[in-house]
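Novice: Just passing along the structure, written as structure tokens.
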Amino acid sequence: MRKLLLIALLTCLSAPAWSAGGGGDLMDARVDVSDEASLQRGAKLFANNCMGCHSAEYVRWNALPEALGVSMETVESNLIYGDYTPGDTINAAMRSADASDWFGAEPPDLSLTARARGADWVYTYLNSFYRDPDASIGWNNTLLANSSMPHVLWRMQGVPEARYEESHGEQQVAEVVLPEGQQGTLSESGYHRATRDITNFMAFMAEPVRAKRQEIGVWVIGFLVIFTILAYLLKREYWRDIH
Ligand code: HEC
């Protein structure tokens, strides 16, 4: 019986590691969905660079003001292009049929990706693009080999190249570097921050109520502590006469 309990406990403890994708070499995105400034920057970057191809169908525009700490007017004027009503979901500008013709793969909906793949995975993906010497491949990605997504943020990051090593008779990417003169408009840390902000926004989308849940959690624990103390005092009061 004790063994069973131990197994159950260990399973619970290791579950979060599984659901996070458990990847070995992922970078740490250190997402924080209560960081409104980061969410604002992330939302803007997402609207300008990602929504041409990707939708976020499970997220409604009117969920954004509260999470980002801005008014609906700010969301309208900064993030939304074209006609919409506030209850609309975040839809891609591109029709998915066109997208698969152009890219060979349909850009997936990104509402839940940060939860399905894990935020660290998304962050690492955005930091793993490189220019493949094989011109027929074009952009490639060390995390998702032969990914059909182009490196849409290359102007910010620059044009990274791969350094190869031989392993079991095959050429494999050993590391990705940004050669001198190939830098983009952002510094290395600037690009890390931009991709972290995008990842943060995607983490918010994957679970819009997370920040609120954490906030409520503190109150619930506080209530339980106070309630436990009261219950204990009450118990002592009742038992005093009996002892
Ligand atoms: C030009 C169109 C295009 C743009 C713009 C674009 N993507 Fe993609 N994206 C794709 C395609 C196509 C795929 C599918 C790749 C594959 O499976 O080979 C993809 C895949 C992804 C994936 C992997 C999803 C998964 O679970 O496999 C992530 C994450 C992603 N994109 C994030 C982004 C982010 C963040 C941006 C904005 C910075 C962005 N994309 C901009 C076309 C695009």
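Numbers run from 1 along the shown chain.
For all residues, glycine too, the Cβ spot is worked out from N, Cα and C.
Features from TrEMBL:
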type     : residues      : note
BINDING  : C50, C53, H54 : heme c binding site
DOMAIN   : 37-209        : domain 'Cytochrome c'
SIGNAL   : 1-19          : signal peptide
TRANSMEM : 216-234       : transmembrane segment
Novice: Counting across all protein chains present, how many other Cβ atoms fall within 10 Å of the Cβ of C50 (heme c binding site)?
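Specialist: I get 22 for this one.
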Novice: Tell me, roughly as an integer, the mean pLDDT over the domain 'Cytochrome c' (37-209).
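Specialist: Its mean pLDDT is 90.
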Novice: Using a 10 Å radius around its CB, how many other CB atoms surround C53 (heme c binding site)?
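Specialist: C53 (heme c binding site): 21 neighbouring Cβ atoms within 10 Å.
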Novice: Just how many other Cβ atoms lie inside 10 Å of the Cβ on H54 (heme c binding site)?
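Specialist: Its Cβ shell of radius 10 Å holds 24 other Cβ atoms.
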